[in-house]
Structure formats: C-alpha cells, structure tokens
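Okay, structure first, notes after.
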Amino acid sequence: MASRAGFSTQSSDSISYLLQKEAAEIDEILMGPLGFSVDQLMELAGLSVAAAIAEVYRPSEYSRVLAICGPGNNGGDGLVAARHLHHFGYTPFICYPKRTAKPLYTGLKCLQVADILQLESLGVPFIPVEDLPADLSNEFDIVVDAMFGFSFSGTPRPPFDELIQRLLSLENHDKTQKELPIIVSIDIPSGWHVEEGDTTGEGIKPDMLVSLTAPKLCAKKFCGPHHFLGGRFVPPSIVDKYKLQLPPYPGSSTCVRIGKAPKIDISALRENYISPEFHEEEVEADPFDQVQPPFSFCPCLSKPHAPLKGKKGKKLLPGPTCLLIWGNRMLLFTTEMFRKWFDNAVAAGLKEPNAMALSTSGKDGKPSSRMVLLKGVDKDGFVWYTNYESRKARELSENPCATLLFYWDGLNRQVRVEGSVQKVSGEESEQYFHSRPRGSQIGALASKQSSVIAGRDVLHQEYRELEAKFSHGSALQI
C-alpha cells in the first residue's frame, strides 16, 4: 500500500505550514461539523506513521522498535503505529508512563485502554520507564517519539523530561563505534515549540518527522533526512478555508515524502551479502535432498575478490549503448540521470534496486548471465565485485566487454549499459572487502564461486573452519 509513498515528492517550499491555533481549529472542525471521531483520526494517523517508517527502514535491518507514548492524542498515534508495525513484521516495545483514565470518545471504553488491549493480544511488551535499558542503543533500532503533539506548551515534566534527555544522549554517542537507533518523531519533535521549533538548539533532532494533516510551522526547522506527511483525510472544505497547499498522495499510499530523498550510498546496500548460514530458514527445500549423484549443485554466493570498473568515458564507458527504457520509450542517458532513476527506485521501496544482470562472453563467443549487485557509479563507470576465479572474471579477461541490465518492474523502467571493463585498484578492492560485516566476509571466502560442490555441507564446513581460524578478530585475507 505504502510502497510507492517515497516515490512521489514535493518541494518543502511549496507546502503549507500551520500555526498552533490553525492546527487546533482544524482538529475541532474535523471532530465537529465533519463528523470524524478521535479513534478514526488516531487510526489513520498511526497507520500513516507506520507506513512512513516502513518506507525507509526495513524490518530486516531495523526490527526492534521502542514507542515512547505520552498521555494525549500523540501518544495514541504512537500506540496505533506500534500495532501496525507489528503487522508489518517489526518487533515493537511500548513505554507508556502515564495512561490516562479520561475517555476520549463518549460511549466507548477509553481509547488508550482499547489500544493497550489490542497490543497485549499481539504479545507486544510494555516496559516501565524504570526498566528501560540505560543505553537504548543496545536494545533498539528505532525509537518512536510519540510523547507530545502540537497542543503541548511549556516545559516537559517527569518522567518525560528524563526520557527526552535519553534521546538527546543518543546524539552524543560516538557514531563510529556503534549503530545508533533511528529517532522518528510524530508530528512535533517532543520538547520543540510548535511554531518556533528547537529554540534552545538542544532539543531532539529526529532522523524522520511524520507530520500529520499538514506540517506545523516548526517543521520548517527540521533538518533530518526524511520528512513525510500522513493523514490522508483532509476534506476540500478545510483545504479551501485554510488555503492549504498539500502534496498529492501517490496511488493508495497513506503517506507522502516532503522534499527530496537523501542521496543513497550504493556501497552500503548489502542485503544480499550474507553468510551461507544466515538464511537457512528461508530455504524451502535443500536441493541436495531431492537429487542423487551424479547430479551436483553450483552455489551462487558472492566473493568480492576482484572488483571491476568501467573505463573512463563521458557517457559512462567508451562507445557504449546506454539506454533508459521507460515503457516503450528509450533515450540515451548520463550518470546523473541514472542516479535520479536509481534514487527513485530506492525511495519507492523496491527490493534490491542495486541488483543488475551482468552478461559476459569468453573467446568462444558463448554468452552467460548472472545477477550481481552494483557497488558504485560515477562519471567513469559502474562498479561491482567478483571473484577472480569465477566464470565471469575469466570471460572478462578474455573479452573485456559486458552488458548490464537494471530492471525496476514497480516503476516500469529498465536501464541497459554496454561497454568495456577494467579492474579497479587492489587498494579499493581491499577497502571494500574489509568494510563488510565479518560474517559476510567469511561467507564470501567460503564460497568457491562458479565451482561444482558435492553438497551444502561443504559450504557449511568451509565456513566453520574459516570462522575458527579467524576467531580472534584478526583481519581476513582475500
């Protein structure tokens, strides 16, 4: 549903921003003459927040989510978002210090109580403030700031003042030593002035802000990489009354990105580079259990030993055919155009947009193709990594020409690149290999690419031997 939300963007300069008074008036109109109930608005808001998070942070990499919820509507949005995140494949935890006893919708049980019951039925843990770990970075990948919304004013009181300080302390960690949790603020970063923003300069600096209904004025001061708008329910009468300029929501999405998506570090997209043991539970059936000798199996685990890079040339590679293909339209392209399309594919949430088909042929002229991962692109060419002893490396040594094909089905786009190939420096190759997670390095070394093996157990045994050999943290040699 929200998989295309990041693909449609609008400049933040052309968006309307609300004053605190206007935001309160719009809420009153929604819940008065227009007939919306609080639980409807919370449900739509919480779903928007969960969808925005899922747009940028995959559960395979950011599974552990702590939602810190305040006593008001903002906290209710956080509870709903946590419930949807559970169904999206995340593992949410709730810190909810002050549960209000005030019914938010006459005739129904307190909405917070209902939200709690629903979360508890899913097995979502509630963590008291005093039981939170001293260092949140050890336990959580994402922290959802759902403490205070646009109606808050004054100074945060206990325990929320201490919770805000905990989030601030994360920003003071040495980011080179560990991965820090992503901070996602709902509508307003808690502690900010609704209109003036972080007036002291010492407030929360979230990585993502999900504005609701329309951005509040303080959102102009937001400097994080991801700003989304959620709450796809604003009627035309409110748009006209307040002369709102809001971005169009693409397709059936419940959120839309405001501003441009940040530049993507292609070399950091490592999802496919894993050890042979990591995805064992995802293998439906071992092929060795279904065939008997003399049949054999060729593993396809990548070993980034010898990187290859396109030669210098104004159009990526000397004398290439470089085409962007969109539907039935084709055009020659530059690396700048490719990067724009690539960033669109990432923002649209497509799985492994850096995957590309690499086609080569040796001196015998017989073509062969396989899927590899793009590791970089600049004005000089495209970079990927392979084993010197693999079939593609042997063919490229005999015939240093290749074709790349990127296929982004969700956007009805593909890119084809043809040209010549050369190696990058040994230093660059070593630097990339040692930047990968240690398990990934071992898994790559364990695979004798393009060779026939007797069974999966050969890979497992090789992996265990390398793991034991380098168990003391010494650098792996390729």
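Any Cβ shown, glycine's included, is placed from N, Cα and C.
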Please pick, from Ser16, Ser37, Ser190, the residue that TrEMBL records in the K(+) site together with Asn74, Asp145.
Ser190
Name the one residue among Asp39, Asp187, Asp198 that TrEMBL lists for the same (6S)-NADPHX site as Asn73, Asn74, Gly75, Gly76, Asp77, Gly149, Phe150, Ser151, Phe152, Ser153, Gly154, Thr155.
Asp187
Quick one: of Asn73, Asn74, Ser190, which of the binding-site residues has the smallest count of other CB atoms within 10 A?
Asn73
Fill in the CA-CA distance, Phe152 ((6S)-NADPHX binding site) to Ser190 (K(+) binding site), as an integer in Å.
9
Per DSSP (helix/strand/coil reduction), Ser190 (K(+) binding site) sits in coil
What does DSSP call Asp145 (K(+) binding site) in the simple three-state scheme?
strand
Gly75, Gly154: which of these binding-site residues has the highest Cβ count within 10 Å of its own Cβ?
Gly75
Across all protein chains shown, the one of the binding-site residues Phe150, Phe152 with the most other Cβ atoms within 10 Å of its Cβ is Phe150
